[in-house]
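TrEMBL annotations:
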- 159-260: domain 'HTH araC/xylS-type' (DOMAIN)
Amino acid sequence: MNYETFFPSPDLSSLIKCFWTLSIQDSSEYPKQRIVPDGCMELAFNFGDPIQRFTNDKDFVIQPWACLVGQITEPFYIKPTGSVNTFAVRFYPYGIANFFEKPMEYYANRETSLDQLFGLEAAKELEEKIRKAWDTATRIRIIEGFFRTKLKEQIIFDRILKNTIDSILHSKGNESIGSILDDEGSSRRQLERKFKKQIGLSPKKLGKIIRMQAALKMLINRRSEKLTDIAYESNYYDQAHFIKDFKEFTGLSPKEFPHDDEMLLSRLFYKKD
């Protein structure tokens, strides 16, 4: 497996977290992979063989070759059917909502083809350009040009929403929504509505995912640490609470995670994230 990340240009760095590529010559030796929530949405282009996305233990659908992967709230499985050659854009939680008419909760836990996002003509033009580009640098320039054009259409960020998300990210999910609301003078109900429309998750759910991700990265990079230490550093009440949240979002216990072959991709993604 070869996984690489690339920074966006400065003028798009508030929207795009990174670009990434993944290449695998032959995926047949790997079991299906469990994908876990990370609070971000992605635009993915698959130049390799088809990728199966499992809807239950046995049934699957084939992912569109180009699609938006919306917010996910629970783990799901994918299985490449041969070679893997993926190019993707990872957006910050608030980085993509203003580009689409439908609320972000509509796209949650699903893959959506580009023509449903941007319209048939715009999607076809973007897909053709990406297909013809033979290197990552060119693909990045194409995507950045596409979204710069979109930005000219008067994209407006909600200040309270952005400040709340920034606080959640900066605190690694540990700052309470109540304290953020006190600072902003906004109501919880109003914030919940804004989050579901523009993020696809509730503030509480996003905070839990970000905190779990921080703990997951500690577990990946410091495997010899005690679980009690990781739970404490992640501001969980106790180890039991940490294990409960970890299982909710990964389907595994923290002890199982580092050794589970179905988590190879997730460990690769979040070690370098």
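Glycine residues also receive a Cβ, built from the backbone N, Cα and C atoms like all the rest.
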Three-state composition of the domain 'HTH araC/xylS-type' (159-260), taking helix and strand from DSSP = 72 helix, 0 strand, 30 coil
Summarise the model's confidence over the domain 'HTH araC/xylS-type' (159-260) as a mean pLDDT value.
-> 84
